[in-house]
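What TrEMBL records for Gly84, Gln85, Thr86, Gly87, Ser88, Gly89, Lys90, Thr91 is ATP binding site. Residues annotated as compositional bias 'Polar residues' in TrEMBL: 144-165. What TrEMBL records for 5-165 is domain 'Kinesin motor'. Feature annotation from TrEMBL assigns region 'Disordered' to 136-165.
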Amino acid sequence: MNEVCVRVAVRVRPLLPREVLHNHQVCVRVVPDTSHVMIGKDKTFPFDHVFGCESSHDELYEACVHPLVESLIDGYNATVFAYGQTGSGKTYTLGGGLVGKGDGQMEHTVRVSYMELYQEELRDLLELHTNHKELHIREDDRGNTGQEGHSGSLYKSSHSGVLVG
Ligand SMILES: Nc1ncnc2c1ncn2[C@@H]1O[C@H](COP(=O)(O)OP(=O)(O)OP(=O)(O)O)[C@@H](O)[C@H]1O
């Protein structure tokens, strides 16, 4: 397990076709051979990982998620959290880079929740018909945070990949 508890990665997405159409300009770039991004012409910011427009889901998974999966198997807790303004690529990255990946080396069964918290309302992204009023985040008397009104979906991994059960 890495000694740093929180690591921050930035993924820069390419301009969308409609942004190109409206002549929007790229204003965030990866500084070559560094883990810095440049905003505008001269403001640079360091991160643990940076991924440019051409980056693949696999690169992201290998650098950011795979080490966490290994720690998880060793009994540590791990969280991958996507943060960014609307349209910045959170769903694209989590959906393609995290859910559905398996390295085929291990066989395991895990319970997975895929929740969206938007304007103080919870949505179960694996069971879209669930009423948000049935879902709650609660803290118990020992300070553990958990969900109520959601059982989690079962994912089974086998050598052929990850299956939704
Ligand atoms: N790295 C990328 N490469 C190519 N297209 C991308 C990339 N990241 C995001 N996109 C595209 O950008 C659009 C917005 O991405 P996405 O829906 O993932 O954003 P979001 O952050 O989840 O937005 P919201 O908060 O509104 O749900 C989508 O059309 C998606 O396909």
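The backbone N, Cα and C atoms fix where each Cβ goes, and this holds for glycine too.
Annotations in TrEMBL come from automatic prediction, not curation.
The 6 Å Cβ screen around ligand 1 retains Thr86, Gly87, Ser88, Lys90, Thr91 from the binding-site residues Gln85, Thr86, Gly87, Ser88, Lys90, Thr91, ordered by sequence position. Mean predicted confidence for the domain 'Kinesin motor' (5-165): the pLDDT average there is 82. Within 8 Å of the centroid defined by the CB atoms of Gly84, Gln85, Thr86, Gly87, Ser88, Gly89, Lys90, Thr91, the record's ATP site, lie the Cβ atoms of Ala82, excluding the listed residues themselves. When the binding-site residues Gly84, Gly89 are compared by the number of other CB atoms within 10 angstroms of each CB, Gly84 has the fewest.
Taking a C-beta cut-off of under 8 angstroms and a sequence separation of 6 or more, Thr91 (ATP binding site) has the following same-chain neighbours: Ala82.
Around Gln85 (ATP binding site), taking its Cβ as the centre, 7 other Cβ atoms fall within 10 Å, counting all chains. For Lys90 (ATP binding site), the same-chain residues lying six or more positions away in sequence with a CB closer than 8 A to its CB are Ala82, Tyr83, Gly84.
In the three-state DSSP assignment, the secondary structure recorded for Gln85 (ATP binding site) is coil. Neighbours of Ser88 (ATP binding site), defined as other CB atoms within 10 A of its CB across all chains, total 14. Every protein chain considered, the tally of other Cβ atoms within 10 Å of the Cβ of Gly87 (ATP binding site) stands at 11. Taking Cβ-Cβ distances under 8 Å and a sequence gap of 6 or more within the same chain, Thr86 (ATP binding site) has no neighbours at all.
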